[in-house]
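Undergrad: Provided herewith is a single structure, encoded as structure tokens, for subsequent inquiry.
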Amino acid sequence: MASSKTLLFTSECVSESHPDKLCDQVSDAILDACLANDPYSKVACETASKTGMVMVFGEITTKSSFDYQKVIRETVKRIGFTDSSIGFDYKTCNILVAIEQQSPDIAQGVHVGRSDDDLGAGDQGHMFGHATNETPEFMPMTHVLATRLCQRMTEVRNNSILSWMRPDAKTQVTVEYRNENGTLIPLRRHTVVISVQHSEDVTNEEIRKRLMEEVIKPSIPAHLLDGETIFHLNPSGRFVIGGPQGEAGLTGGKIIIDTYGGWGAHGGGAFSGKDPSKVDRSAAYAARWIAKSLVARGLANRALVQVSYAIGVSHPLSVFVDSYGTAQGGRTDEDLLAISKSNFDLRPGKIINDLQLRRPIYEKTAYHGHFGRNDPDFLWEAPKKLNF
């Protein structure tokens, strides 16, 4: 148990082959196909998957022409479902497409006849961004480590290091922290959970041994592991049936994994399958940009940013900043709010232009998290120079 001066917090991650993540990637692959030849495409694409079936449905208005079947099958192939013996096969799965055009009621209220800068929010809602200085990524340690384990399992499987490893996998990490007046200090890794799909012909003993050698040790700094760290490696004892055969998948089923692993807050709106006129996505990216900029510039050790919108209205209804009491240099949260408002234009059209969100960059956001990644296309991860 953690001492009275410390706390335990847990985050989870899933591989790109988890059925919900498969659906996220299919939805975003379709979004990218739309944006590739029509940057102003309006896309709201949902995906569902189950044994031998992928269904995409929603509303899309685009000038792009592409083969839905090809996009979906290539995405499923990249994810790793290449043979029916592992529960799903991109070559033979049934694909259903039920796509209509965007509602004209939404179009007239949001973008028709309006300049880019005056673009209205695509819906109402509230979105959050979070940042913390506990890792170089300015992300929570629990989330970083859980994600790193999934990334490593993808490397191991793609490089055929463990022949028995199959695509579906989940991780979970509990970290013991010390809270120093709102600043979180990671002390040690308390518990590690890994569940990975496997072939019939491998023993649990072999799975646990090899996960420790090939996944955990290469992924986690040694100083965070100690003799008291608890490991639950394939604790169910059997995980042969996985992917959509094991459970149904839906777009937006892993919104906490997509963001901050349970830290901060979440407005409830998923990201994948939505073009940037949907503030569920674009404003959440902007809120992360603000939070990371505040922390990276040393104005706070932690930051939570909330923005809210009404459909068809370009300016946000509210902006909120909470530093958890960690504002630096004698500043207050009110000071950080003023700095945020003076440095960031949170109208949807300005967010889209500043972060170049009309590019086809979204499929790769749909696995291993939208935040804390070193990718030059993810402009919301580049701290802005702040004037104050």
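Every residue, even glycine, has its Cβ placed from backbone N, Cα and C.
Heads up, here are the entries from Swiss-Prot:
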- Glu12: Mg(2+) binding site (BINDING)
- His18, Asp168, Ala169, Lys170, Ser236, Gly237, Arg238, Phe239, Gly253, Lys254, Ala270, Lys274, Lys278: ATP binding site (BINDING)
- Glu46: K(+) binding site (BINDING)
- Glu59, Gln102, Lys278: L-methionine binding site (BINDING)
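Tell me what's around each of these sites.
TA: Following the DSSP three-state reduction, the secondary structure of Glu12 (Mg(2+) binding site) is strand. Neighbours of Glu12 (Mg(2+) binding site), defined as other CB atoms within 10 A of its CB across all chains, total 19.
Counting every protein chain shown, the Cβ of Lys278 (ATP binding site) has 23 other Cβ atoms within 10 Å.
DSSP gives Glu46 (K(+) binding site) a strand state. The local packing around Glu46 (K(+) binding site), expressed as other Cβ atoms within 10 Å of its Cβ over all shown chains, amounts to 21.
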Undergrad: Hey, of the binding-site residues listed (Ala169, Ala270), which one tops the CB count within 10 A?
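TA: Top count of Cβ atoms within 10 Å goes to Ala169.
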Undergrad: Just report the maximum Cα pair distance in Å for the recorded ATP binders His18, Asp168, Ala169, Lys170, Ser236, Gly237, Arg238, Phe239, Gly253, Lys254, Ala270, Lys274, Lys278, no decimals.
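TA: Spelled out: the longest distance between any two Cα atoms in His18, Asp168, Ala169, Lys170, Ser236, Gly237, Arg238, Phe239, Gly253, Lys254, Ala270, Lys274, Lys278 is 42 Å.
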Undergrad: Do me a favour and check the Cα-Cα span between Gly253 (ATP binding site) and Glu46 (K(+) binding site); whole Å is fine.
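TA: The separation of the Cα atoms works out to 11 Å.
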Undergrad: Could you state the CA-to-CA distance between Arg238 (ATP binding site) and Glu12 (Mg(2+) binding site) to the nearest Å?
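TA: It is 20 Å, counting Cα to Cα.
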